[in-house]
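Per Swiss-Prot, the features are:
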- 32-52: transmembrane segment (TRANSMEM)
- 67-87: transmembrane segment (TRANSMEM)
- 121-141: transmembrane segment (TRANSMEM)
- 144-164: transmembrane segment (TRANSMEM)
- 173-193: transmembrane segment (TRANSMEM)
- 214-234: transmembrane segment (TRANSMEM)
- 261-281: transmembrane segment (TRANSMEM)
- 301-321: transmembrane segment (TRANSMEM)
- 350-370: transmembrane segment (TRANSMEM)
- 371-391: transmembrane segment (TRANSMEM)
- 406-426: transmembrane segment (TRANSMEM)
Amino acid sequence: MDDCVHKTVGSAARTERTALAVRAVLEGRRRGASMLLPFAGPAVVVSVAYMDPGNLATNIQAGARYGYALLWVVLLANVVAMLFQSLSAKLGIVTGRNLAELCRERFSRPVALAMWVVSEIAAMATDLAAFLGGAIGLSLLFRMPLLGGMVVTAIVTYGLLLLEDAGFRPLELAIGALVGIIGLSYLAELFITPIAWSSVLAHTVSPRFPDANALLIAVGIVGATVMPHALFLHSGLTQRRTPARTERERAVLLKFSNIEVVVALAIAGLINMAMVIMAAGAFHHGHPEVAEIETAYHTLAPLLGIGAAGVFLLSLIASGISSSVVGTMAGQIIMQGFVEFRIPLWLRRAVTMAPSFAVVALGVNVTQALVLSQVVLSLALPLPMAALLWFTCSREVMGAYKNRVFIAVIATLAACAVLAFNAVLILQTFGVDIPGLPG
């Protein structure tokens, strides 16, 4: 009991030290490279949304089927992600409100309630992909039933979520550690996998599609670029982390927030590119049909050894657990923001896990369930994306910090492109033929 109390006090102290360090930077009492560290956290947490098992499956398919040819798509998608996450962070810092709260305050009640329902369903779909991904990794690594992997994943994610009771810093550090595991795992894979680095560089900067089918894979990559829950979450993480007391402090917070977004999502982008590179090096010549996580694991072991396959599963487990935690955090922000209601953590976790257990208990094909979850996310994306653009372009909401014309135009064009790609993904999933695209 005393140990638990000591750990809780220690965790709370970390949060307090971080808040004091941020305040010291804002007041000009802390300088040098170390002044960046207290601001690291929100974007690191959000970056997990771009490294979830859904991204992993898409990247494996891209690398196995087309080698390095679609690396430029991953790079471009990551730049778009940086733009929208910076807007979400700015919204929270400038207004002191998160995206869900502003939707409730600015839109009619029926519209806000409809957005809440859709966003909650999207949060559950996010958790479905993340939770099942972590469970699959555990079941393959430890040779346990999938249901057993799900139980372990549930316990670990709930334990991590309890860290939030001690303040924001302990959970930020825990998720940062999981991101580090994912990154180091793929760094190790790059040393194990035979890679043609000259081709990697060439395809990263050469935008072209090898054939018409490659466009569909690109649609999957871009379609997962901006996740609905990430837009809600980032504004929620920044809104009260360190409130600005003056306009100067607000400007400093925005500067460091933008730096963190660029660094955190650049790391996420490099990890996504590493996923494609690993799949290309391991599967493209000889096994281009690999498209599922389980198949990738079973194919990787005889090709590169059990060590490479084990590292692959370790990254999958870290990805699934961290993504599941982040999805639950986003769901809580969505509920509090839209309907001003908070449920106990254990109940929130149970509700978000229920679809995953139902999928396994009913014998539903896991891959089909993951595909359906991505369709749900695509359907849920337009409303929060449009709301974010509307609010950040509004002088009434943002004051002097509203988007500049150049940023507004670029963000609008990027949003239209992402939504178009999502529409194609949805239509293709339901077997609708699109002129000019393969069926």
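Start at 1 and count along the chain as shown; that gives each residue its number.
The backbone N, Cα and C atoms fix where each Cβ goes, and this holds for glycine too.
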Distal contacts, the transmembrane segment (371-391) - CB-CB under 8 A, six or more residues away: 54, 84, 87-88, 91, 95, 99, 102-103, 106-107, 115, 118-119, 121-122, 125-126, 128-129, 220, 223-224, 226-228, 231-232, 397-398, 403, 408, 411-412, 415, 418-419, 422-423, 425-426, 429
The transmembrane segment (261-281) in contact with the transmembrane segment (32-52), cutoff 8 A, at least 3 CB pairs, sep 6+: yes
Stretch-level contact, the transmembrane segment (406-426) and the transmembrane segment (144-164), CB cutoff 8 A, at least 3 pairs: no
Criterion met for the transmembrane segment (350-370) and the transmembrane segment (173-193) (at least three Cβ pairs under 8 Å): no
Of 32-52, 144-164, 214-234, whichever stretch has the most CB pairs under 8 A to the transmembrane segment (173-193): 32-52
Chain residues in Cβ proximity to the transmembrane segment (214-234) (below 8 Å; excluding those fewer than six residues from its ends, i.e. six or more beyond): 42-43, 45-46, 49-50, 54-55, 58-59, 61-62, 65-66, 69-70, 73-74, 76-78, 80-81, 84-85, 88-89, 92, 98-100, 119, 122-123, 126, 326-327, 329-331, 333-334, 337, 374, 377-378, 380-381, 384-385, 388, 417-418, 421-422, 424-425, 428, 437-438
